Amino acid sequence: MPDKNEAFDVNNIYKEEDRLSKPDYLDTLNEPQRQAVVYGNGPLMIIAGAGSGKTRVLTYRIAHLIENGVDPFRILSLTFTNKASGEMRKRIEGAVGTEARNIWMGTFHSVFAKILRIEARYLGYTSDFSIYDTDDSKSLLRSIIKEYNLDDKVYKANVVYNRISGAKNRLVSADDYINNAVIQADDEAAKMKEIGRIYKTYVTRCFQANAMDFDDLLFNTNVLFRDFPDVLYKYQHKFQHVMVDEFQDTNVSQYLITRKLSAVNRNIVVVGDDAQSIYAFRGANIENILNFEKDFPDVHTIKLEQNYRSTSTIVNAANSVIARNKSQLKKETFTVNEEGSMIDVIKAGSDNEEGRLVATAIFEEKMQKSLKNENFAILYRTNAQSRSFEEALRKLGIKYRIIGGQSFYQRKEIKDLLGYLRFTVNQRDEEAFKRIINLPKRGIGDTTVARITVTAAENNVPIWEVVSNIANYATGRTITQIDQFGTLIKSFMLMLDAGKDAFEVSAHIAKTSGLLRELYEDKTVEGLSRYENVQELLNAIKEFVDSEENEDKTLSAFLQSVSLLTNADEPDENEDNDRVTMMTIHSAKGLEFRNVFIVGLEEDLFPSQMMLESRQDLEEERRLFYVAITRAEQKLSFSYAESRYQWGRLKMCEPSRFLLEVDAKYLNISQSFQREISREGSSSSPMSFVKNLSPRRPTEPRPATAASAHTPTSDFVPSDTHELAEGDKVEHSKFGFGTVVKMDVNGTDRKATVKFDKVGDKTLLLSFAKLRIVK
DNA sequence: CTTGATTATCTTTTT
DNA sequence: GATAATCAAG
């Protein structure tokens, strides 16, 4: 063992011989933290308040285990996001060296996908199984609903998907679902008694397609461990230590897996904070914490209550909010950090102004305190809110990054290429097939596709069987088209058989399929960026193949890894990381920033109207607010807009009730402002709406456009984007959203889609889009 | 049958 | 505002 006093060389931090010579990290911990790190065998529950050094404790604990001779291969560490697991792996690697790579660490979904891939044959799957994302699942459900001739106005794919997903997360199989009187009564009441039948068919179709959806990854792991004790035995003994981060967000399905896995060694550590439980909508169950105490009566509990992250203003403000929740475990979070500055409240007239004000605030704060872009984060409730901030930041030349939302891997062109890759690996993948069969256009339409899928289902053969022997099933022109497609795929499959790696195959497919060429020939701005995106995907595949961490370089391995990367892990843009981060509060969990802006604090937006309607759970929304507040280290700002465009309409907004729930003594606002944002003071009459939009509003001077100068203002109040020229006349045929109107522009007839809204007796013209000449 | 154009629909959060 | 579903024309 190396001498403890040996000089610590930061440059050699990864060298194994240094790992025990570092300053004794146990000294840097407070007492409960230290206990959590060194606690020996047996079940342990750590209740960790926000900013209490939870990640540090987990990291050190794993490092501690390894230093005490536990084989990294025998540690299982489960997190919720790829980001969190990547971060933790990096930090452990910093402490114990490259051994850290051998730890079984990742999200529930990725770890169990890996196990399912190894054990696929037990369940009748092949290890090349596809993973259906939400779009695939919904599309399949739509097909089934159509095939059953059910009314798709009643059976909405979204609703059906959520019902099925909820069932799977409670480990209710299709048969259980159909035989459960309570569920059936529920469905009957909702006039959707066929959901059980749809569920059953859906499961069958997924199985036939050799595909699992997100929930199946957990559901099938449970089935695997239930029905094949040998397999369970293997993993129970393999994993000596099991750790679960964000335990408050696990659902029953996830909890049962971890409980089973740790039943033999009983070394299970769960870390969580009930105040930060924000995934109940996905089946997360706070009761798991109570169940845990029941299932492991000898559990030792440690509370981490000191916040090291934030100023006392921020910690106290957060506490003043969460204290309003009735259901919570007893826990006192406190800090000895300095008081820090008060919380700013920014009031804006519109969502665009909100963007400008926040961007300006960032700009000024950056200058005054000489901060970096990366010190700032903008957090919002819904992804759609990012737009106004993007525009404003761009105008000020501040670089930003958006996490989540329309992720890279959700883009059409990316999913198209992935569709080809998926189908090449797994010819039973029905959704991939539907996506690529007529792409690029080969003259194969919906009718032909439907015929093929129906034929396949009727004869109970895989789709590929029909495609590759199309002559037996069809006649005429379509034969040649389908045949060509089949030959193309076969040539791709041959490359796989020849042992080519993921990159070689993908690059070949991108070229040969004609996808790249089609995008290349598209010279529009969007076309260019699509082309670049595909190139970027190919780069990502190249990186995957070149990375030393990946032993399996097959296309199939790449697809497995990529289908579980959703929101965070875009392929590395340039290494320029000094960017303002924008994301939803959900994706911000576990992160921290010096300055945080919580934006869109308006009633019905945050707290979300939907949440209040569907689940009547204000407390979960409040916990979300708590999570958002506690992301901030030094400085926190709130903002809200008095009006906001929402799917084409302008909506009047009231300040969120959450604003008022923050103890006023932490807010940097005058009393009159405080009165103004309180419910009683705000007016929701239509007239205040008009006032907000009028150019006379002093707070938001609108840039004068040609349109605003020349549109008949008595009837129309223009929005900021217009493409009308001098002398334009506008005539509306009827009111309402997305109406088509005729216009006379300089003597030419034009057609345009415009948006109207009626407020009181006034008709407001909200925006013009797609202005073009008609004949 | 396929294609392009128009219209309807949906917007909470994530793996 | 974006995308899926539907419609009308080739």
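Backbone N, Cα and C atoms are what each Cβ position is placed from, and that goes for glycine too.
Caution: TrEMBL annotation is automatic and unverified by curators.
Database features (TrEMBL):
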type	residues	note
BINDING	A:Ala48, A:Gly49, A:Ala50, A:Gly51, A:Ser52, A:Gly53, A:Lys54, A:Thr55	ATP binding site
COMPBIAS	A:677-687	compositional bias 'Polar residues'
COMPBIAS	A:702-714	compositional bias 'Low complexity'
DOMAIN	A:27-311	domain 'UvrD-like helicase ATP-binding'
DOMAIN	A:312-590	domain 'UvrD-like helicase C-terminal'
REGION	A:677-721	region 'Disordered'
A:Gly53 (ATP binding site) CB neighbourhood, other CB atoms within 10 A: 22
Site with most surrounding Cβ atoms, counting all protein chains shown within 10 Å, from the binding-site residues A:Ser52, A:Thr55: A:Ser52
Chain-mates of A:Ala48, A:Gly49, A:Ala50, A:Gly51, A:Ser52, A:Gly53, A:Lys54, A:Thr55 with C-beta within 8 Å of site centroid, ATP: A:Val57, A:Asp273, A:Leu304, A:Asn307, A:Tyr308, A:Arg309
Under 8 Å by Cβ from A:Gly49 (ATP binding site), same chain, sequence gap 6 or more: A:Asp273, A:Ala275, A:Lys303, A:Leu304, A:Glu305, A:Gln306, A:Asn307, A:Lys331, A:Thr333
Cβ neighbours of A:Ala48 (ATP binding site) where a neighbour is any other Cβ within 10 Å: 28
DSSP three-state assignment (helix, strand or coil) for A:Lys54 (ATP binding site): helix
Winner by Cβ contact number (other Cβ atoms within 10 Å) across the binding-site residues A:Ala50, A:Gly51, A:Lys54: A:Ala50
